[in-house]
Amino acid sequence: MVRESKRARQARMHDEYAILREVFPAPECALHFSNPLQLLIATVLSAQTTDRRVNTVTPELFARFPEAADLAAANPQEVEDIIHPLGFYRSKTKHLLGLAVALDERFGGEVPRTMKELTSLPGVGRKTANVVLGNAFGIPGFPVDTHVMRVTGRLRWRSDWRDAHPDPVAVEREITACFPPGEWTDLSHRLILFGRATCHARRPDCVECPLAATCPAAGAA
Ligand code: SF4
């Protein structure tokens, strides 16, 4: 591929994203929740498992422990039993209880609405904070997960695409600089959906890919 200017790359990004908007017109958070606390808990639980699996345990968890204070005072064994199907249930229970205690003691049980406050909570990194900001509060957030990392690398939407271990914060900064804030959350959703549906980690389906005409990695990923 001939070296692409920054302007040409950004134009291509917007063209490719327009196609993803058509393919995924109404993306949604795959985790089930009905308030910010539930989404925060579900997102923390989703580490090293699937959203679908998390959705199988959270109804019971949320019903049994509706408030942060309930979870903060929980018997760990009871929480472990509920989230057992997710794996790593002992460490996840420990994290959840620590998070609930911090929420209860420092924020009156309410989930805070800023990146700084969210990431001050134990076990909450930028990815989780961006999920909560964007999906629970409607505050622009761009969660960078493994799908976002892979897809933006193959499409060369980011300058560090050759890097085997790119810095997620740098990826977030570079990609969000190219799109309006109001688009960030859906952009992340669409890249994740696209990564799951077509641009798979092992065998990307370049033959059927709607972006194959312009993707620099088409047929070579
Ligand atoms: S053409 Fe292939 S590598 Fe490029 S985005 Fe599509 S599936 Fe991924």
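Just so it is clear, glycine is given a Cβ too, placed from its N, Cα and C backbone atoms.
Remember, predicted model here, so these are calculated numbers, not experimental data.
Listed features, source TrEMBL:
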- 45-197: domain 'HhH-GPD' (DOMAIN)
- Cys199, Cys206, Cys209, Cys215: [4Fe-4S] cluster binding site (BINDING)
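Annotated features taken from TrEMBL, shown on the structure.
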residue	record	DSSP (3 states)
Cys199	[4Fe-4S] cluster binding site	coil
Cys206	[4Fe-4S] cluster binding site	coil
Cys215	[4Fe-4S] cluster binding site	coil
Requested in this report: Measuring CB to CB from Cys215 ([4Fe-4S] cluster binding site), give everything in the same chain under 8 Å that is also at least six residues away in sequence.
Outcome: Glu16, Arg154, Leu155, Cys206, Cys209
Requested in this report: Output, ordered by sequence, the same-chain residues six or more apart from Cys199 ([4Fe-4S] cluster binding site) with a CB under 8 Å from its CB, or 'none'.
Outcome: His147, Arg150, Val151, Arg154, Asp205, Cys209, Ala221
Report task. Find the average pLDDT over the domain 'HhH-GPD' (45-197) in the predicted model and report it. Result -> 97
**Report entry** Other CB atoms within 10 A, centred on Cys209 ([4Fe-4S] cluster binding site)
**Finding:** 20
Query raised in the report: Hey, what's the Cβ neighbour count for Cys206 ([4Fe-4S] cluster binding site) at 10 Å?
Result: 17
